[in-house]
Amino acid sequence: MRVLPATLLVGAATAAAPPFQQILGLPKKGADTLAKPLHDLQEQLKTLSGEARHLWDEVANHFPNNMDHNPVFSLPKKHTRRPDSHWDHIVRGADVQSVWVTGASGEKEREIDGKLEAYDLRVKKTDPSALGIDPGVKQYTGYLDDNENDKHLFYWFFESRNDPKNDPVVLWLNGGPGCSSLTGLFLELGPSSINEKIKPIYNDFAWNSNASVIFLDQPVNVGYSYSGAAVSDTVAAGKDVYALLTLFFKQFPEYAKQDFHIAGESYAGHYIPVFASEILSHKKRNINLKSVLIGNGLTDGLTQYDYYRPMACGEGGYPAVLDEASCQSMDNALPRCKSMIESCYNTESSWICVPASIYCNNALLGPYQRTGQNVYDIRGKCEDTSNLCYKGMGYVSEYLNKREVREAVGAEVDGYESCNFDINRNFLFHGDWMKPYHRLVPGLLEQIPVLIYAGDADFICNWLGNKAWTEALEWPGQKEYAPLPLKDLVIEENEHKGKKIGQIKSHGNFTFMRLYGAGHMVPMDQPEASLEFFNRWLGGEWF
C-alpha cells in the first residue's frame, strides 16, 4: 500500500492515505521534470552526518514512495492579467512608502513601516447582483501584486451586513497549506453557500453578520492567486499578508480605524502566530489588530501529536475508530515521533523537521485514515474521496470555475482548484510543518487576546490536542490558566437561550473553547454556535 505525506486541508489534513482518500501525488504533467529538485535535495543530504543523516535514512527506508515521488516544485498557473483600466483603484506601495511625517522627536520618519515598494493593490467594486451573493452588501475583489517576485494574491471583501461604519474587520484564512480561503467563504462562514445545483444560497449565520470579512487566497498559487515563483514557508507568506492589509487600509481608511482581527483554521495555526507577530512588529502601522482566533489548528506538534491515539481510540468523547492492535502500534510509534519533533524544535532545521513530519504523519495519522473514516469528522466515513470527503467542496470548485463567476470577480487564472498539493509539498519539504510557531504565542498574549477553539468531532486537529497545547504553553499566566476546569458555554439570546454549545476556559488574554458536535470546520457543522461565540468574542466578552 502506498503511503504519502500529510496535508492539512481547508484547514484539514490528509496524512498517510490509501487510494480511497485524497493523497499527494505527482502533477499530471511534468513529473520527470519536477522530480529533479527532490533528487538534488537527496544528493545534498549525502553531506550530512550523525543524527540528521540517520533520520533521513530511516524515513526513506520506511516510506520510500514519499522520497521518490514527491517533488518540491510547483507549476505556475495559466493566467491572463487584466489591464489596469479594469480596476477601480490601484494602490502603489511605493507611494505609501514615500509619505514621511514628523515624529515625536521632531525628526522625519516614514508614516508606515515595512518594505512595500514592490507591492501594488488592485481593487474592483464587485456588483453583488451579478452573482446573487449577499445583494445590498458592499464588496471588493482584487489582487495584491508583488512585482519583484511575480506574486499575485486574490482577495474578496464583504462589508458587514449590520453596521459597517463601526463593526470590526476580520481576515479569514483557510489552511492546507495550499487551500483556498474561498472554501471557507462558500462552505463555512461566508454570506452564501453553494448547493447541488451550483447556485448560491443565502447564509443566515454568515460571519459578516456583524463584521466585515476579507477572504484571502494565500500563499501564491492557491485558489485564484498565482505566481511564477513559490512560497514554501509561513514566514515568507507573512510579509505578503502585511503588505495586503497595509495597502487595503490605505485605500479604505474608513475600515482602518475599526478593530481588526485575524481568524482561520487548521494550518492557520501556523499562519496566524506568524502573521500577527509580523503586524505587531511594525510600530508605525495602519492595522488596528485587536485579537486572533484559531480554529482546530495545528500549532504545537510536539504536544498535539500525543493526542491522535486517544482521539482515535475512544478517549475524545466519541467511540473508538481503531482496534486495540492499531492503537498499540500508535503507542509504540509515539516515543520515536516525539524524539524527532523535539530535534526539530531544538534545531529548526529543515533536514530534521522534514523527516519528523513524514514519520509522525504516517505513523500516527495513517492508521486512522486507512480505515476510510473522515479525518475531519470522526462521526462518519469519507463521503467524497475526490473532494476531501465533502461533496460541498466539489460544488464550490465547480461554481468558482464558471466563466461568469471568474469574470465578475476579476479572477485572472484560467481555472480554480480548492487545494494545491504542490504547495503543501513545498511547505512540508522545507520543514515548515513541524516548526515550533507556538513559541510566538506568548509574545502575542502580551499584546492581544488569543482564542483557540476546536470542534470536538475533528480527528486531524482534535480538541484534546488543542486543549493540551494551550495548557502546556509557557507564558506568565500559565499557572493560573492550565488548571482551570472547562465550564459550560451556552447561547445567551434568541429562542435557543441556555442551550449548551460547548465548554470554555479563559484567563487573561488566553481562551480555549470546545464546540460540541462539530468537526474540523466548525462554522459548517454548527453555524449558529459558531456565530454565537464569534460575535461574543469580537464584542470582548472574554478579554
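Yeah, the Cβs are placed from backbone N, Cα and C, and that goes for glycine too.
Going by Swiss-Prot, these are the annotated features:
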type: SIGNAL; residues: 1-17; note: signal peptide
type: DISULFID; residues: Cys179-Cys419; note: disulfide bond
type: CARBOHYD; residues: Asn210; note: N-linked glycosylation site
type: ACT_SITE; residues: Ser266; note: active site
type: DISULFID; residues: Cys313-Cys327; note: disulfide bond
type: DISULFID; residues: Cys337-Cys360; note: disulfide bond
type: DISULFID; residues: Cys344-Cys353; note: disulfide bond
type: DISULFID; residues: Cys382-Cys389; note: disulfide bond
type: ACT_SITE; residues: Asp458; note: active site
type: CARBOHYD; residues: Asn509; note: N-linked glycosylation site
type: ACT_SITE; residues: His520; note: active site
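Here the features listed in Swiss-Prot are painted onto the structure.
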residue	record	contacts (Cβ under 8 Å, 6+ apart)
Asn210	N-linked glycosylation site	Ser160, Arg161, Asn162, Asp163, Asp167, Asn535, Leu538
Cys313	disulfide bond	Ala320, Val321, Leu322, Cys327, Met330
Cys337	disulfide bond	Tyr305, Ala356, Tyr359, Cys360, Ala363, Leu364
Cys344	disulfide bond	Ile352, Cys353, Ala356, Gly431, Met434, Lys435, Pro436
Asn509	N-linked glycosylation site	Leu445, Glu446, Ile448, Pro449, Val450, Gly477, Phe543
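Measuring Cα to Cα from Asp458 (active site), the recorded positions that fall within 10 Å are His520, out of Cys179, Cys382, Cys389, Cys419, His520. Nearest to Ser266 (active site) in space, judged by Cα atoms and limited to the recorded positions Cys179, Cys382, Cys389, Cys419, His520, is His520. Counting every protein chain shown, the number of other Cβ atoms lying within 10 Å of the Cβ of Cys382 (disulfide bond) is 22.
The distance from the Cα of Cys382 (disulfide bond) to the Cα of His520 (active site) comes to 13 Å. Separation of the C-alpha atoms of Cys419 (disulfide bond) and His520 (active site): 16 Å, rounded to the nearest whole number. Set side by side, the disulfide-bonded residues Cys179, Cys327, Cys419 differ in how many other CB atoms lie within 10 angstroms of their CB, and the most is found at Cys179.
The two recorded residues His520 (active site) and Cys179 (disulfide bond) have their Cα atoms spaced 14 Å from each other. All chains included, 32 other C-beta atoms sit within 10 angstroms of the C-beta of Asp458 (active site). The two recorded residues Cys179 (disulfide bond) and Cys389 (disulfide bond) have their Cα atoms spaced 14 Å from each other.
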